[in-house]
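Before any comments, here is the structure.
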Amino acid sequence: MTGPYLARDSEESRRGVLFGVSAYGLWGLLPLYFVALAPAGAWEIVALRVLFSLALCLVLLVLSGQFGRFVAAFTQPKALGLFLLSGVLIGCNWLLYTIATTTGHTLEASLGYFINPIVAIALGVVVLRERLRRLQWAAVGLGLAAVVVMSVFYGQVPWLSLGLAFSFGIYGLTKSMLGADWPALVSLTLETLAITPVAAVLCAWLAADGGLTLGGHGALHTALLAATGAVTVVPLLLFGLAAARIPLSTVGMLQYIAPILQFVIAVVIFHEAMPLDRWLGFGIVWVAVVVLLVDASRGPRRRRERLS
């Protein structure tokens, strides 16, 4: 019986990796999609993303039989408060990312997601009083050094990168406070619902001001804008399928696919400038990433040593 079980586990792991690569690959390709939405601006894109995501999530909740779980959330005030906070945070993250990718700053978006794990570790120390291992301290120090290098030599603080990293880092912290009991689809529905009033008002304001492009630039453009819902939900579902099949350490390693793709798109396709000081800053961050990966790879050995 051992053979079939091992084969099944191996197949599930392969599928999990495939789902994870697909999720992070789609997230990494988002800059190309957002640029294709021109002349829609970042505010319109994010507002429509919220509205179309909510609509799709509600449909999927009904089809998947999770609508009852969604309704049950309204009997838990503490959870609702956390979902409101996480909704605001992910909305800010989406806005910063869309601004970055539609205004020629995709490299800053890439940097933000490279340093996000470092920021998450730092938040764990400050907020949760977690104790870091030596390699984690080294990664945090290198991340800080990279920001200083870019600020001094590039002439300005990489605010977009820091905004992306901290908004997503605090978002992750909020999600950890909610616990693992909430299905991903239910969570996204509640988060988008929380910021739907803002998105609706923004769309109404853009329409009244003549700045809403939805429906005014052909069927293809309208379809692309409507697809913001699927573009948001599909990678999240793929990520959920991956997380259920592979270790968290593997998921952590796969997360760098997205910023790597963003970096390649920015340099090769968008031809964003990469002066020496920026290469230096990115280089320091990449060293920090390698340090984190080495630390993560030691995790299984540390667990075995504790058990022995």
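Every residue gets a Cβ built from N, Cα and C, even glycine.
Per TrEMBL, the features are as follows:
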- 15-151: domain 'EamA' (DOMAIN)
- 16-40: transmembrane segment (TRANSMEM)
- 46-67: transmembrane segment (TRANSMEM)
- 79-99: transmembrane segment (TRANSMEM)
- 111-128: transmembrane segment (TRANSMEM)
- 135-153: transmembrane segment (TRANSMEM)
- 159-178: transmembrane segment (TRANSMEM)
- 185-208: transmembrane segment (TRANSMEM)
- 220-244: transmembrane segment (TRANSMEM)
- 256-273: transmembrane segment (TRANSMEM)
- 279-296: transmembrane segment (TRANSMEM)
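Tertiary neighbourhood of the transmembrane segment (111-128): same-chain residues 96-97, 100, 136, 139-140, 142-143, 146-147, 150, 158, 160-166, 168-170, 172-173, 252, 255-256, 258-259, 262, 281-282, 285-286, 288-289, 292, selected by CB-CB distance under 8 Å and a gap of 6+ residues from either end. Using the rule of three or more Cβ pairs under 8 Å, pairs at least 6 apart in sequence, the transmembrane segment (220-244) is in contact with the transmembrane segment (46-67).
For the transmembrane segment (46-67), the partner stretch with the most Cβ pairs below 8 Å, chosen from 79-99, 135-153, 185-208, 256-273, 279-296, is 185-208. Away from its own ends, the transmembrane segment (185-208) comes close to residues 43-44, 46-48, 50-51, 53-54, 57-58, 60-61, 64, 66, 69-70, 73, 80, 83-84, 86-88, 90-91, 175, 178, 214, 232-233, 236-237, 240 of its chain (Cβ-Cβ under 8 Å, at least six residues beyond either end).
Cβ atoms under 8 Å from those of the transmembrane segment (159-178) belong to residues 79, 82-83, 85-86, 89-90, 92-93, 96-97, 99-100, 105, 108-109, 111-113, 115-116, 118-120, 122-124, 127-128, 147, 187 of the same chain, restricted to positions at least 6 beyond its ends. Assigned with DSSP, the residues of the domain 'EamA' (15-151) fall into helix, strand and coil as follows: 120 helix, 0 strand, 17 coil.
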